[in-house]
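Novice: Shown below is the structure under consideration.
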Amino acid sequence: MGRRHELLSTPCGEHAMDLLSVYPGVRPVASGSSLAALAPNEDAVGQSAAPGCSMGSPSRSPQDHPGCQYALAGQDDRSDGEMTDNVAPVEHHRGSWASPVEFIMSCLNYAIGLGNVWRFPYLVYRNGGGAFLGPYIIMLFLIGLPIFFLELAIGQYAGLGPIEAFQRISPFFHGLGYCTLVVITLITVYYQVIVAWALFYIFNSFSYELGWGSCKHDFNSPRCFSYSANDECMAQSNGTDPASLMTYYNRTCVKIADVCSTRGMVALNATHCGNAQAQESLKTILKRVLASEEFYNDYVLGRNNATWENWGEFHWTLCLFLFLSWVVLYACLARGVQSSGKAASDGVHHGSVFVALSLAPILCRGASLEGAWEGVTYYITPRWETLLDANVWGDAASQVFYSFGIGCGSLITLSSYSKFSNNCHTDALIVSVANLGTAVFAGFAVFTVMGFLANQQGVAVTDVVDSGPGLAFVVYPEAILRMPAPQVWAVLFFFMLFILGLGSQFAGVQAITTALIDKWPNLRKKQWLVTMLSCLGIFIMEIPMCYSGGVYMFTLLDWNTASWAILLIGFAEIIVVSWVYGCERFLENLSEMGIKFYRPIRAYWRFVWVFASPIISLAVFLFVMSQYVPAAYGSYKFPPWADVIGWLISISTLLPFPAFAVYRIIYGKEVGKDLYRASPMWCPREDGTKVVDEERSSSDFREGVGAVKLDCLNGNGHIISHFVYDNVAFARDSVRT
């Protein structure tokens, strides 16, 4: 029967002739998909080809089409004879998720992280409670979910990281992939510090008396306030007479009346002094600081009044925990996507259990405390006047980007390892609902305790603690102190934070290593080394945050990375897909992957991708810029030169886009409209290569930047199969008897 040669039907079929144009000496004798004898010519890739099967010099280099993996492949009937295979082996598989469950678990582990439990509550607190919830939910459904789904679809369709993917969608937007790489690198730098803090708390939970529960330590100041110590002082009071009430101050019990007399006032109750003209709380008079707040600031961070001008001492303990956290992370990632998928799958199962075991009891205990409803009211009651505050909308948008991990390239990387037919639309909806639910749930847990603390101190919820990134490390520990067996709950809670933090970091580090390996595919065989050097390099970048003033650098990175810059990146992603590439074409790409929509759902995606998301993203950016507020840590305002550093950080995340755009205009091969059009390389990475071969699967030829296979029949009955792989050509001489 013989071996038949045909151009296999693929979703990339529209670019088939473009592929043949790369090798102009290869031409089918007859029209259609049948490929017979080919005109002899000089070999295009520097190998001698048999007469009748040669390829002419390419008009463009083979790497112009590494992703559109067409196969002029044959189907063999073994009964017609034996074939000898001399093709050079292709190694180093890119890898893939073992199952769709592993992928969605990895997405959940990435999206449901510290951003929900740690960052969301303090942004709510900083922006007026319920005033933040409305803008956050609006941003989630009009910006967050659309870009989240878009990034999953891009990665799954192309099977590439963000750098290669955006280069193929539109060469002009090549630099957008590098923007996401810079963003995820900076976020990974400071995010791991939070993981180290959690590890610090875990080790300090193995003690008879929790370190944040008292003011007996050397690092505590005279202003330190402990509720347990204050209860002991109140027990020494003689009845309910305000004149005899006692309170805790400077590590001892003092009469409230004596404290009030320093202000020309008398004791009114256990929390306030007053006279005919005014009232004042003891917290304000004594400038009280919670023991848990001093533990975090002065022991964990070792801040000790450090400033930008006085960076302070180096804290070896914190640096050690930071190093240990990287060791654990590397151990989970060393074997690539398979090991991270297993770790993520286990991590989500365990992380979900720990979220329930940790937050639910804290919420239940907090709800039972006096004053809890005051905190809940603050959390859910909108303050309409704040809706005109640009910072509220800016923080809401940045939190959506931060918690979903969009604009960072990590989601494109994660989905690039998915099966081509995976329903990433369902995955996006599941992750979005779980993300929102976890954030709101964590908010209730925090603000029930905040209401209790406000009630005990006799102040408003807004005045309980400084609204900084350490809010969760102050409020959660205070709640744990009121639990039975607090040491057990402390270990469970902070281990939960540790697991959630690592889960998010998996995707961050993987995005960095995937970008490097996609750029230099030969590194794949040394993936463990690439991962190790990436982890080590980021750890070195984090060392300044081990100093007393390190939290200021942490705040500056968080303030200027997950903020207006990432908004612009998300805006650019929407524009390049919906307007430059075309929303309808992208929806057709989704159809190729088997993702179908009912008309109302399809109309929704068309509306948000074409209009809502880009308009709102740009509007929020302009709104934020019109009312820009410099970075600060609590009440400490950063000096102007530190703010300049922050601006440079933000600009650095955007700089690759114009830089690569100018480069492509000057040195690129594309001219005119071709600079913006999708390249022929933009096509499916799975089911786009259907190499019919008895001994090798198609995945063997999908490695790195891809492979092109051309089968030719010469006059001597030989089949010469040319493989252009990673810019190297291999030839297989298959003899037909």
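Just so it is clear, glycine is given a Cβ too, placed from its N, Cα and C backbone atoms.
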Novice: Kindly point out which candidate in Asn422, Asn423, Asn435, Asn455 is recorded by TrEMBL as part of the Na(+) site with Ala111, Asn116, Ser403, Leu500, Ser504.
Specialist: Asn435
Novice: Which cysteine out of Cys215, Cys233 is the one TrEMBL pairs with Cys224 in a disulfide?
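Specialist: If we follow TrEMBL, the cysteine bonded to Cys224 turns out to be Cys215.
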Novice: The transmembrane segment (314-333) vs the transmembrane segment (400-417): three or more C-beta pairs under 8 Å (separation of 6 or more)?
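Specialist: In this chain the transmembrane segment (314-333) does not contact the transmembrane segment (400-417) - fewer than 3 Cβ pairs sit under 8 Å.
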Novice: Within this structure, do the transmembrane segment (175-203) and the transmembrane segment (644-667) have 3 or more Cβ pairs under 8 angstroms, counting pairs 6 or more apart in sequence?
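Specialist: Result for the transmembrane segment (644-667) with the transmembrane segment (175-203) is yes.
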Novice: According to DSSP, folded down to helix, strand and coil, what is Cys224 (disulfide bond)?
Specialist: strand
Novice: For Ser504 (Na(+) binding site), just give me the three-state DSSP call.
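Specialist: DSSP assigns Ser504 (Na(+) binding site) to helix.
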Novice: Take the C-beta pairs under 8 A between the transmembrane segment (133-154) and each of 400-417, 529-550, 562-582, 603-624. Which stretch has the highest count?
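Specialist: If we count Cβ pairs closer than 8 Å to the transmembrane segment (133-154), 400-417 scores highest.
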Novice: Can you tell me which parts of the same chain pack against the transmembrane segment (175-203), counting only residues 6+ beyond its ends and a CB-CB cutoff under 8 A?
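Specialist: Residues packing against the transmembrane segment (175-203) from afar: 114, 118, 161-167, 300, 317-318, 321-322, 324-326, 329, 402, 407-410, 412, 473, 477, 490-491, 494-495, 497-498, 501-502, 504-505, 508-509, 511-512, 515, 538-539, 541-542, 545, 550, 553-554, 557-558, 561-562, 565-566, 569, 572-573, 576, 649, 652-661.
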Novice: Can you tell me which parts of the same chain pack against the transmembrane segment (429-454), counting only residues 6+ beyond its ends and a CB-CB cutoff under 8 A?
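Specialist: Counting only partners 6 or more residues beyond its ends, the transmembrane segment (429-454) has Cβ contacts under 8 Å with 104, 107-108, 111-112, 115-117, 120-121, 124-125, 129, 133, 136-137, 140, 144-145, 148, 290, 355, 359, 362-363, 366-367, 369-379, 403-404, 460-461, 463-465, 471-472, 475-476, 478-479.
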Novice: Whole-number Å distance between the CA of Leu500 (Na(+) binding site) and the CA of Cys224 (disulfide bond)?
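Specialist: Each residue's Cα considered, Leu500 (Na(+) binding site) and Cys224 (disulfide bond) end up 31 Å apart.
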Novice: Within the same chain, where does the transmembrane segment (603-624) have neighbours whose Cβ lies under 8 angstroms from its own Cβ atoms, ignoring anything closer than 6 residues to its ends? I mean 6 or more beyond.
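Specialist: For the transmembrane segment (603-624), the sequence-distant neighbours (Cβ-Cβ under 8 Å, at least 6 residues beyond its ends) are 139, 142-143, 145-147, 149-150, 390-391, 393-394, 397, 563-564, 567-568, 570-571, 574-575, 577-579, 583-584, 586-587, 597.
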